[in-house]
Amino acid sequence: MLRIIFLLSLLFALSNASVQDFCVANLKRAETPAGYPCIRPIHVKVKDFVFSLGTPGNTTNIISAAVTPGFSAQFPGLNGLGLSTARLDLAPKGVIPMHTHPGASEVLFVLDGYITAGFVSSANSVYVQTLKPGQVMVFPQGLLHFQINAGKSAAAAFVTFSSASPGLQILDFALFANSLPTELVSATTFLDPALVKKLKGVLGGTG
Ligand SMILES: *[C@@H]1O[C@H](CO)[C@@H](O)[C@H](O)[C@H]1NC(C)=O
């Protein structure tokens, strides 16, 4: 009898053990490197786990492209799961310039249109393909990659990152959109100083 009571109480204790299934973001609190603090499970609703990326972003800009984030700040149910999402829109001639995400691999799923996408490996091998709707391409963590509209109509894609904080460094901005002196940019990239000055002018760099 005692043994049965012991087993029952153990079972009860285990069923109440607090397995943390999720940590829906409390957006009223500050984000930390580990994400947002959680709201209490009793306050969690299904809408916290649903987010719409159905609306095209505004592509009227220098790259004719838009990235609409679905990160924890927009999509609280993602908090703590090590994932983030985004929508990519490319007008005709639109381009996401060569860039890296230091903290995440990326999966891109083409929704509409044609997108030429590629990445360059550490061994400088190039992997590039024109993708059509329904195709998916993966970009390994940290490698330089790009996407460009390959068709005559608008293109759209959905992307998922293997981290809540993929990070972003855009190559041209790193080289030409800051105050690193032209002579240093030129000396360290082997580019002509006149070209460096021109690109600094276009991208808002100084020096
Ligand atoms: C898109 O962005 C441009 C440039 O910022 C702006 O002039 C235009 O009103 C925006 N269009 C919409 C629909 O928001």
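Just so it is clear, glycine is given a Cβ too, placed from its N, Cα and C backbone atoms.
Residues annotated as signal peptide in TrEMBL: 1-17. Summarising the annotation, TrEMBL assigns disulfide bond to Cys23-Cys38. Residues or ranges marked as domain 'Cupin type-1' in TrEMBL: 51-197. Residues annotated as Mn(2+) binding site in TrEMBL: His99, His101, Glu106, His145. Positions annotated as oxalate binding site by TrEMBL: His101, Glu106.
The structure, with features from TrEMBL marked on it.
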residue: Cys23; record: disulfide bond; DSSP class: coil
residue: Cys38; record: disulfide bond; DSSP class: strand
residue: His99; record: Mn(2+) binding site; DSSP class: strand
residue: Glu106; record: Mn(2+) binding site; DSSP class: strand
residue: His145; record: Mn(2+) binding site; DSSP class: strand
Could you give me three numbers for the domain 'Cupin type-1' (51-197), the DSSP helix, strand and coil residue counts?
22 helix, 57 strand, 68 coil
Which of Cys23, Cys38 (the disulfide-bonded residues) has the most other Cβ atoms within 10 Å?
Cys23
If I take every residue in the domain 'Cupin type-1' (51-197) and average their pLDDT values, what number comes out?
97
Cβ packing number for His101 (Mn(2+) binding site), 10 Å threshold:
23
